[in-house]
Amino acid sequence: MTTMLTTPLSGWSQLSLSYLTLTVGALALVVVLYISIDRFPAPRWLSKKYQLIGQKDPASTTSLECPYSYIRQIYGHHHWAPFVHKLSPTLQHDDPAKYKMVLEIMDAIHLCLMLVDDISDGSDFRKGRPAAHRIYGPSETANRAYFRVTQILNQTTTGFPHLAPWLMQDLENILEGQDLSLVWRRDGLKNFPTAPSERAAAYQRMASLKTGSLFRLLGHLVLEDRSMDDTMTLVAWYSQLQNDCKNVYSTEYAKMKGAIAEDLCNGELSYPIVLAMNAPDGHWVELALQSPSPRNVRNALRAIRSDNVHQMCMAELAESSSSIQDWLALWGRKEKLDLKST
């Protein structure tokens, strides 16, 4: 029987082996961490939205006393006035009280919807400025929105009762569309159609309720009939489509919002997202909606910004705008849609 002789490692060799073991372990840990971070959504408390804390004293950010005044400063008072003039060039002269009331209604409904929408989306910015709830807090912002809408409903009912039915019905439709969008976000795709044509139709119906009803409301208030419904619906669809496309195709818009592909990261459907679900690699879009990890979002954006999906969106924009150029000139939103798949 032979005896195996082992030579103890020198102190230097032991130190080198320990260092090598630590290095390999550290590298393995880095790889595991990278894979985990890349494949799983960040905890909500780690996200920028939860690190951003609004000013304790809103006066240090703005001299305005409430969220509604703040967002109204961003968009301007009576920002629907050009549309009112186009619908009824003589209304301001013929019935100045109604003219002013229509503009107050449109400001209140439109801007208050934005206040609540920014809370729902967790948006940090609105047109390059801090979102109202980042300054005043979500509770005060939401309550002020409800308060202002209630004021408008009361003023319309008492001062312009013939306009109240139009306002109530269209506001109900707007909120139905918004509710449908939020339910899709909550439940994921299990209650969303699977056929491509049905998906596009379902999304357009939601947009017609949420955005279309806002534009149709303007025609109803000014003209007190439905004669402009088709035109207003088309203008609204273009507006929704343009906003959807800016969210994923515009560097300018991303800078103003402080986020890239905010809809996708929030699990919210948009027209490019709906189209991309049926494109090659569309499974990444569905994965990103379910779990917006960096890896899933990155691959989903590659599908959304693919030439095929981008071209379909641009074609829909061109088709929907062809007969309403005079109205779009009043809308005046022209961010460049310059982001495509690399």
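Just so you know, glycine gets a Cβ as well, placed from its N, Cα and C.
The transmembrane segment annotation in Swiss-Prot covers 17-37 and rests on sequence analysis.
Spatially close to H110 (isopentenyl diphosphate binding site) yet at least six residues away along the chain are H79, W80, L214, judged by Cβ distances under 8 angstroms. Residues annotated as isopentenyl diphosphate binding site in Swiss-Prot: H110.
Of all Cβ atoms in the shown protein chains, 17 besides its own fall within 10 Å of the Cβ of D117 (Mg(2+) 2 binding site). In this structure, D117 (Mg(2+) 2 binding site) is part of a helix by DSSP. According to Swiss-Prot, the feature Mg(2+) 2 binding site maps to D117, D121, an assignment based on similarity to another entry.
Look at Swiss-Prot and you will find D117, D121 tagged as Mg(2+) 1 binding site.
In the three-state DSSP scheme, R126 (dimethylallyl diphosphate binding site) falls into the strand class. Marked as dimethylallyl diphosphate binding site by Swiss-Prot on the basis of similarity to another entry: R126, K210.
Positions annotated as N-linked glycosylation site by Swiss-Prot, on the basis of sequence analysis: N154. Under the DSSP three-state reduction, N154 (N-linked glycosylation site) is assigned to helix. Every protein chain considered, the tally of other Cβ atoms within 10 Å of the Cβ of N154 (N-linked glycosylation site) stands at 11.
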Distance [Cα-Cα, Å, rounded] between K210 (dimethylallyl diphosphate binding site) and D121 (Mg(2+) 2 binding site): 15
Alpha-carbon spacing, N154 (N-linked glycosylation site) to R126 (dimethylallyl diphosphate binding site), which is rounded to whole Å: 28
Neighbour tally for R126 (dimethylallyl diphosphate binding site), based on other Cβ positions within 10 Å of its Cβ: 22
Under 8 Å by Cβ from D121 (Mg(2+) 2 binding site), counting only residues of that chain that are 6 or more apart: E262, N266, E268
Number of other Cβ atoms within 10 Å of the Cβ of K210 (dimethylallyl diphosphate binding site) across all protein chains: 22
